Amino acid sequence: MAAVQAPGEKINIQAGETTQVGDTDQQRNDWPEEDRLPERSWRQKCASYVLALRPWSFSASLTPVALGSALAYRSQGVLDPRLLLGCAVAVLAVHGAGNLVNTYYDFSKGIDHKKSDDRTLVDRILEPQDVVRFGVFLYTLGCVCAAYLYYLSTLKLEHLALIYFGGLSGSFLYTGGIGFKYVALGDLVILITFGPLAVMFAYAVQVGSLAIFPLVYAIPLALSTEAILHSNNTRDMESDREAGIVTLAILIGPTLSYILYNTLLFLPYLIFTILATHCSISLALPLLTSPMAFSLERQFRSQAFNKLPQRTAKLNLLLGLFYVFGIILAPAGSLPRL
């Protein structure tokens, strides 16, 4: 005779047991703590999203925008605060989205682990789908800002689109798609994207045209920005090698990585010394940050890589700001094209 199922009961055919409907919820509550994300307040969630962006690295975006705007002001006498703000938000959005893409693909490929600097997904601070959605939002925000810049600026659409989408593609393809980072081309992508390209973008939207000389002025800043990435890749050399990826630091080894880091660190100071000697003494302002550079060199030499990328980013920010101030304070006509 068929068994009668009481209301609120489920029959477990395999086990031959009867389970109350409420038992399922009870079982979920009995899951191991590590398998369930703890309940967090909205403030904690917002903090998690902000930390996932790696805000300490944003100097690599802000200083090129400031430099390009300063070059526009000194060469053409134009500086629209609306364009400056829109450009800064657009570049920061693309940079932040690129960091999230990096987090997602490094986790997907098994590169990030419990000892990694970025443990956003490893420690389940955010879920992969959260990172993807946030990245899409930031790329969308960047495109909205680019449209806003086109509305305000006299720069041709094709020129604005070429620079902006060139930077956007670089930020995504660094680890997404082709994954330039994994085939030792990431340094080149970052050197171009967060150096000449970002400076040119900020300059062009202000003056409404392209020029070559902003690319030249971007060189010291680009070298300093590359030092951030190289210190990061040198720190992660062993874990990257175990994961089967190839970075420039892995290709050249520890000794040449140390030499390259010093070159990226100190070559900008040589450039500033030449400019201060032959053009304007105001370009000596960035030399005030040289004690920080020597401190970073000692830290790299002793292989104390903890927080080295963050400290290098701090130097990059101060170096860039003093560089911008030096250009603004230089007498008219003392610098080439300014």
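Cβ atoms are placed via backbone N, Cα and C, with glycine included.
If you check Swiss-Prot, you get these features:
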- 1-39: region 'Disordered' (REGION)
- Ala2: N-acetylalanine (MOD_RES)
- 15-24: compositional bias 'Polar residues' (COMPBIAS)
- 25-39: compositional bias 'Basic and acidic residues' (COMPBIAS)
- 83-103: transmembrane segment (TRANSMEM)
- 134-154: transmembrane segment (TRANSMEM)
- 160-180: transmembrane segment (TRANSMEM)
- 188-208: transmembrane segment (TRANSMEM)
- 209-229: transmembrane segment (TRANSMEM)
- 245-267: transmembrane segment (TRANSMEM)
- 277-297: transmembrane segment (TRANSMEM)
- 315-335: transmembrane segment (TRANSMEM)
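Tallying C-beta pairs under 8 angstroms between the transmembrane segment (209-229) and each of 83-103, 134-154, 245-267, 277-297, 315-335 places 315-335 first.
Panel annotation: around the transmembrane segment (245-267), residues 109, 111, 181-184, 186-187, 220, 223-224, 226-227, 230-231, 233-234, 236-237, 293, 296-297, 300-301, 312, 315 of the same chain, lying at least six beyond its termini, place a Cβ under 8 Å from a Cβ of the stretch. Panel annotation: around the transmembrane segment (315-335), residues 59-60, 62-64, 66-67, 70-71, 73-74, 217, 220-221, 224-225, 227-228, 265, 268, 272, 275, 279-280, 282-286, 288-289, 292-293, 296 of the same chain, lying at least six beyond its termini, place a Cβ under 8 Å from a Cβ of the stretch. Sequence-distant neighbours of the transmembrane segment (277-297) (same chain, 6+ residues past either end, Cβ-Cβ under 8 Å): 220, 231, 261-262, 265-266, 268-269, 308, 311-312, 314-315, 318-319, 322-323, 325-327, 329-331, 334-336.
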